Amino acid sequence: MSRKNKKKKKLSPKKRARVKAPVSPSHSSNADAQVKAALKYHQAGQTDQAGPMYEQVLKAHPDHADALHLLGVIAYQKAEYGRSESLIRRAIDQNSEIAFYHSNLGNSLKKLGQTDEAETCYRKALALNPQYAEAWYNLGSVLKDQGKADEAIICFRKSLEIKPDYHEAYSNMANALKALGKTDEALACFRNALAVSPEYSEAYCNMGNLLKDLGRLDEAIDAYKKALEIRPDYPEVCNNMGNAYKDIGRFELAVRSYHKAITLRPGYTQALNNLGNILNDQGHLDRAITYYRKALAVDPSCEWSVAGEAKVLMKQGDFEGAYQRILPFIRSGTDNYDIAVTYAQLADRFDHYREAIAHLKQIVLKHADNVDLQRQLHFNLGRLYDKLKEYDAAFGHFFQANELRPKRFDVRAHENGVSALISAYSPGFQHRLPRAVNRSEIPVFIVGMPRSGTSLVEQIVASHPQVHGAGELSDIAYMVRDFSKLLKTSDPYPKSLGLLTERMADILAQNHLRRLRRLSRTADRITDKMPQNFFHLGLLSLMFPKARVIHCVRNPLDTALSVYFQNFSGGLTYSFDMKAIAVYYQQYRRMMAHWKSVLDIPILDVRYEALIEDQERLSREMIDFLGLAWDDRCLTFHKTRRSVSTASFQQVREPIYRGSMERWRNYEKHIGPLIEAIGAEGEE
């Protein structure tokens, strides 16, 4: 049942549909007339007037079936589900041949968690009236909740055959199709729902959720915005939009969205927990704990927030505290996957790999129809088996995880994009294009392939007291995305580069420098370790002529395999397929070779394997490259108290980690496409 829009006093279409007047034997024509009069108020959403009128009928006729049923519907609408069940059962005792009664009893039972009994009621309603579209819809909904997505879709199709403009059926069928991984069909269903009912905010919300899962984050945000245009007081949409903003790195907008969700619903535990998560990711650990505890104050059983607290403790280096925080939940047999994943992450410290695997496998079986959850669990099972050196089993789980992601990487478009950059930034471009006048040495860009050692490099240099490690910032990607819009041209970047003026270059540079200064007022160098900034080094050399670039290089096969084994968010669409990873890697090589031939800003190559073998020499070389005096704290980087929010955060909490070198050899028989495409020797 859909939520009411607080700004409208009418009931939602779904709730109005349940207050039709069934035909049942009359106790008296006067009683029937009173029920019909009350029903008019009820259908108009004026339940405070309708309810007493039904009760008045029942005083004179305690067994009046329609009055009992409709009073039960009002109880349902007031979330008094136990009372609703009791009243509708009394109506059925008086007349068991009315399909409406059985369907609405099913709705009450479903809300009470009695899904099997609800299913029985819906089937009884359909036995009485096979053309009852709402009963087919309700049966589909309960089957979907039971994990029977295939059966649910059959029911939704039945309801639409009877009632082609049933927008809720389209929307719920889309959710069932999504659960089966049929994403294109699901999107079509959401669009059908909106074609029938353009003001259906829930369809925009659910479509946004699917687009987010597909990594189409800008489209998802657009869908959420449309939902909020229709229904501004929709806390779920604010929360989900916060998640989407978080995934694209717009952290300030994400925080704002979560706060709005909490303002609309002060005890909204999911939004409180998500706000805690993003503060956790940004390194505001004390504030994160505050919001986790607010969520737990509302709902002490909120295991997501328990897992959040444990993750904060892990980042603070208190692994024992994290372990003790979640252990009671593990022992209780929880099926919360965030608790289970946190437990799996702690296996490295407490050597409980087998127990973590067993727990994750139980959750895999319980949530067989949840594709997103299955993917996350298989990634974690792969990691655990890898730690146990059971490489065939590990690869099997990594393969399953990646197969659950849609393959949407456009090879031709990617290659054309790199070619366009090479053409736009041809030799001598610095003399043809304007440059910003600033000569700030604050920006330091740490680039390379994902999983090439960027986190380790940043942790080492950020251990220097004059360096602030900002982590992975999305600012440059958004500068590029909005570049043509700022220049007021329809030509896409980099074609629009010819319209750049010195004034615009200065504006872009100063905006970014102000953003960096908000992160640290005093640091002489501020690092941005967004790996994909390697695409933008030409533009960055125009914005910051005195910037420095540290280029992280690692064995190609170790890099590619690590990418394949990592559960990245939807934006890295190439990471789910080995052939796509190989193409991306080849284009990365091509791009970096070009930059080295044309750029006049300094680039320092730091090879991961050399850093592992001789940390002090490479660390000194990096600090010297940054123009800073040496500081011994860079050798004890694992003791530096700063948040690390990427996949490597546990490794940088330890001294140099050697376990990732030549890792590809453990999987050689499984990675033929990678070996053939990018080679095994690590040449650049």
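In case you wondered, yes, glycine gets a Cβ from its N, Cα and C as well.
Automatic, uncurated: that is what TrEMBL annotation is.
Note that this is a predicted model, so its numbers are computed, not measured.
Taken straight from TrEMBL:
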type	residues	note
COMPBIAS	1-19	compositional bias 'Basic residues'
REGION	1-32	region 'Disordered'
REPEAT	31-64	repeat 'TPR'
REPEAT	99-132	repeat 'TPR'
REPEAT	133-166	repeat 'TPR'
REPEAT	167-200	repeat 'TPR'
REPEAT	201-234	repeat 'TPR'
REPEAT	235-268	repeat 'TPR'
REPEAT	269-302	repeat 'TPR'
REPEAT	375-408	repeat 'TPR'
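Non-local neighbours of the repeat 'TPR' (375-408) in the same chain are 181, 183, 214-215, 337, 340-341, 344, 347-348, 353-354, 356-357, 360-361, 363-364, 367, 564-567, 570, 573, 575-577, 580, 666-667, 670; each lies 6+ residues outside the stretch with a CB under 8 Å from one of its CB atoms. Mean pLDDT, taken over the repeat 'TPR' (167-200), works out to 95 on the 0 to 100 scale. DSSP assignment over the repeat 'TPR' (235-268) gives 27 helix, 0 strand, 7 coil. Proximity of distant same-chain residues to the repeat 'TPR' (269-302), defined by a Cβ-Cβ separation under 8 Å and at least 6 residues beyond the stretch ends, is recorded for 235, 238-239, 242-243, 246, 251, 254-255, 258-259, 261-262, 308-309, 311-312, 315-316, 471, 642-643, 645. According to DSSP, the secondary structure content of the repeat 'TPR' (375-408) in residues is 26 helix, 0 strand, 8 coil.
Note on the repeat 'TPR' (167-200): DSSP counts are 27 helix, 0 strand, 7 coil.
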